[in-house]
Amino acid sequence: MATAPKEAENAIGLEEIHMERQEPPKGQKTFTVEEAVETIGFGRFHIALFLIMGSTGVAEAMEIMLIAVVSPLIRCEWQLQDWQVALVTTMVFFGYMVFSIALGLLADRYGRWKILLLSFLWAAYFSLLTSFAPSYIWFVFLRALVGGGVSGHAQGLIIKTEFLPTKYRGYMLPLSQVFWLAGSLLIIGLASVVNTTIGWRWLIRIASIPGILLVLVFKFIPESARYNVSTGNVAAALATLQWIAKMNGAVMPQGELREPTKESRGKFKDLMHPKYLRTTLQIWIIWLGIAFAYYGVILASAELLERDLVCGSAAPPMQDARDDSEESHSPCHCHLFGPAAYQAMIISTVGEIALNPLNILGINFLGRRLSLCITMGCTALFFLLLNICTSSAGTTGFLFMLRALVSANFNTIYIYTAEVYPTTMRALGMGTSGSLCRVGAMVAPFISQVLMSASFIGALCLFSSVCIVCAISAVTLPIETKGRALQ
């Protein structure tokens, strides 16, 4: 294998488990996948890879954010209570959590590309079925299955990570946030038109189109060469690397491709191995905390703005005369989104890319650990600043910055998790982390919508405290992956 930096030989060692080394004949030149990837460099293949695999974020964002824009309509259609509406979101993340581990295991055993294709077909199929849901129970069940399919989209990030040269990973991977932003803005824009004309069922059908289109272009992206060589399929890995070199107009390293074959693949106990245990536990804490803060900000935005309008007063906020209709006082509590609501959603969503340039600089110059520690610490600070009595514009600004910071947190931890684990357990590491992420997302509604109503400052302090714990966990991670070759 390629020689890793000295820092990789610290507390967790990051050496391969159960490796069977094959010595090449004396005098024969050899090279590894890592060396081939670095020699080939960045080119046209990587641009295509970025556009196709990055676009998985568009489909994922549209499916995840879909519930936020159809909730008012299904509430009216099926006369749902608040907890029933919240349960839809919870079940989406529950499906994501359960399937994330299973698909991570399967990806480490059978390949990233196959699982990515399966997850897109699965999510698109059940998303289309959701649009025909005859009742609330069917809607919840089918959306949970959609959440399960969406969890497999993380394999697109892993494929990108395993093909990118070391010095480009810290720049290209954070830029993928652009695709999530595009998907979020697209579903909000579509909802503002489709919901008021042909209805939410057609919105769901339209939202499934990007996922179906992506399936058609997946054939242009090969299976990970690192995965193939780790399973002993050196011929397939070599063919892939030669094709990439030709596409980039580059040359391959001289010699024969050789890598140790791993006997142990994608086992959960490997994450608990003494050399990985501390890293795994701290990564899980960070993932859970980041998701808790991210979805807490999204779900609490409406209540935070409402509190700001009355500046701590117990008086109810003034309602627009247009909302004082028979529909707004109906037994099913219909409060359909108007143009102002969609505009507010767009403004806050744009905040997710506001700090992207600074985030990229921090990741590449300060390192993954310190960069994540700083953004998590700032997230904790802005949660506390929300308690300040200020103008509506001031509160909107705080929310804008919070969305920017929690997005930066996600960028950094995604990169770090993909880099810190070896190929044999990279997908499993991402899958289990994604599951813990959804646990945080499932807990967030109870804090942002229930506890916040009872104790505003108490909820903010809880969010802030979790972010501080994550900041400490980030800066004390056993290894810095900046500039480090993938294992």
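Glycine is no exception: its Cβ is also placed from the backbone N, Cα and C atoms.
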Residues flagged as transmembrane segment in TrEMBL, choosing from 47-71, 197-221: 47-71
Range from 83-106, 171-194, 281-300, 454-477 with the greatest count of C-beta pairs under 8 A to the transmembrane segment (47-71): 171-194
Integer average pLDDT (0 to 100) for the domain 'Major facilitator superfamily (MFS) profile' (49-482): 77
